[in-house]
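Chemist: Provided herewith is a single structure, encoded as structure tokens, for subsequent inquiry.
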Amino acid sequence: MALAGTGVFAEILDGEVYRYYADGEWRTSASGKSVAIVNPTTRKTQYRVQACTQEEVNKAMDAAKVAQKAWARTPLWKRADVLHKAAAILKEHKAPIAECLVKEIAKPAKDAVSEVVRSGDLVSYTAEEGVRILGEGKLVVSDSFPGNERNKYCLSSKIPLGVVLAIPPFNYPANLAGSKIGPALIAGNALVLKPPTQGAVAALHMVHCFHLAGFPKGLISCVTGKGSEIGDFLTMHPGVNCISFTGGDTGIAISKKAGMVPLQMELGGKDACIVLEDADLDLVSANIVKGGFSYSGQRCTAVKVVLIMESIADAVVQKVNAKLAKLKVGPPEDDSDITPVVTESSANFIEGLVMDAKEKGATFCQEYRREGNLIWPLLLDHVRPDMRIAWEEPFGPVLPVIRINSVEEGIHHCNASNFGLQGCIFTRDINKAILISDAMETGTVQINSAPARGPDHFSFQGLKDSGIGSQGITNSINMMTKVKSTVINLPSPSYTMG
């Protein structure tokens, strides 16, 4: 029995179309239009959401601006209390939200539930961390700088930016919405959420949990619609004071149009896995399979290219192939390891990379197999730098192996990429691992583990085309605030008294 849009969530559904949320109410768009969300498994329309107009975006922004002023004056402990309540409601209603993730983005059922629970934990932790971070200020006295007496005291604290525009990606529409919503709200900001089309209904259910928690009217909005209609309008809106975006190269275009608005962006990666001769090959093979093929490789932090020393390449490829043969391929409802990729266009793009590699002589460790959006796991050996898949991000269950003859060769390939999100190194020599880590031009390097985002309080950032700024709970709270200073001027130096 379907759980989405029923029970406490019934009010977010208008017939067959999910409403959008603005000014504390669930609304039907005046456009009279809707956007279809196609189930990646059935390739049929699963849900519909409102196609909001630019005027409706304007009204949401106006309401956010008004609500934010009052919210910023709300005591910090009260903000935290409402966030804790929202987190509890979110976890209580994990089943219908997880159902949406299964049907919208083909996320395996067990992983869908885990994402919702993780999102609730993230929001609670954010509330706790926010009380600590924002509850502290800084005092600086003037005589610490040469030539000054102690006649000035500078008190600095963090204040909200205003209205945060949050744009999460399809692959983690709940968790990466929570990672933006929580920090924005605890810091005293208002928030306008523009969810991805695939994942929009899960996001709407999530927003309703915040509605049920009792956040002030207008503080949170969730607008849905076509990017061609409201995408640029949102990102260039004069009412936006901060943009937090996770996704692909659309973010580069946003950054060029954003002007003076602070940006937090994670835009993908080509995460390299460098394997040295002394590595634990069982550990390596397990992490290559987990890192490269979890959620069908549709993760920014997935292993995207394996750079392995020639002397151990055959052994590692053999171990990886044995593990790939055991993966369950099928629909997400069956908790399959490999599920359909999110859209037909994504599957076509992946196939294009595979065919290019085939034409240029890559070794296919498995037969290439595709049914609709479902692509079976494929390891490509003897990949060369002239193949597209050596550089482009497939975002699917296809992984290239490049054989190298030196550590320097592996580092060079990693650093030649226009991406720089994460990378990983497998070796028993910690000294060598640190040296390689320092040489890799990535935001994070994992030693003896596959790339990963999290735990959610860890710093998470990319270099080059992989992003701007840093995420993680503490970093996000700091990014969504600005420093306000008050200087107390004394008529005479304070240490003359007493």
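Heads up, the Cβ atoms here are built off N, Cα and C, so glycines get one too.
Feature table excerpt (Swiss-Prot):
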- E266: active site, proton acceptor (ACT_SITE)
- C300: active site, nucleophile (ACT_SITE)
- R118, N171, Y172, R299, C300, T301, R453: substrate binding site (BINDING)
- K194, T197, D232, E393: NADP(+) binding site (BINDING)
- G247, G248, D249, T250, G251: NAD(+) binding site (BINDING)
- N171: site 'Transition state stabilizer' (SITE)
Chemist: Can you give me the residues near the recorded NAD(+) site, meaning same chain, not G247, G248, D249, T250, G251 themselves, Cβ no more than 8 Å from the center of the site's Cβ atoms?
Modeler: F245, I252, A253, I254, L267, G268
Chemist: If you count the other Cβ atoms within 10 Å of each Cβ, which of the binding-site residues G247, G248, G251 comes out on top?
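Modeler: Result for the most crowded candidate: G251.
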Chemist: Within the chain of T197 (NADP(+) binding site), which residues six or more apart in sequence place their C-beta under 8 angstroms from its C-beta?
Modeler: V35, I37, V49, F170, T224
Chemist: In sequence order, what residues of the same chain, 6+ apart, have a Cβ less than 8 Å from the Cβ of R299 (substrate binding site)?
Modeler: N171, R453
Chemist: With every protein chain in view, how many other Cβ atoms are within 10 Å of the Cβ of N171 (substrate binding site)?
Modeler: 24
Chemist: Return only the integer: C-alpha distance in Å from T301 (substrate binding site) to the residue listed as 'active site, proton acceptor'.
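Modeler: Rounded to the nearest whole number, the Cα-Cα distance is 11 Å.
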Chemist: Let me make sure I understand the span of the substrate site: among R118, N171, Y172, R299, C300, T301, R453, what is the greatest distance between any two Cα atoms, in Å?
Modeler: 18
Chemist: Quick check for the class: what is the C-alpha distance, in angstrom and rounded, between the residue listed as 'active site, nucleophile' and Y172 (substrate binding site)?
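Modeler: Between the alpha carbons of the residue listed as 'active site, nucleophile' and Y172 (substrate binding site) there are 10 Å.
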Chemist: Any idea what the Cα distance is from R118 (substrate binding site) over to G251 (NAD(+) binding site), rounded to a whole Å?
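Modeler: About 25 Å separate the Cα atoms of these two residues.
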Chemist: Looking only at D232, E266, E393, the recorded positions on record, which one has the least crowded Cβ, with the fewest other Cβ atoms within 10 Å?
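Modeler: Selected from the recorded positions D232, E266, E393 on minimum Cβ neighbours within 10 Å: D232.
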Chemist: Determine, from DSSP, whether E393 (NADP(+) binding site) sits in helix, strand or coil.
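Modeler: DSSP call for E393 (NADP(+) binding site): coil, neither helix nor strand.
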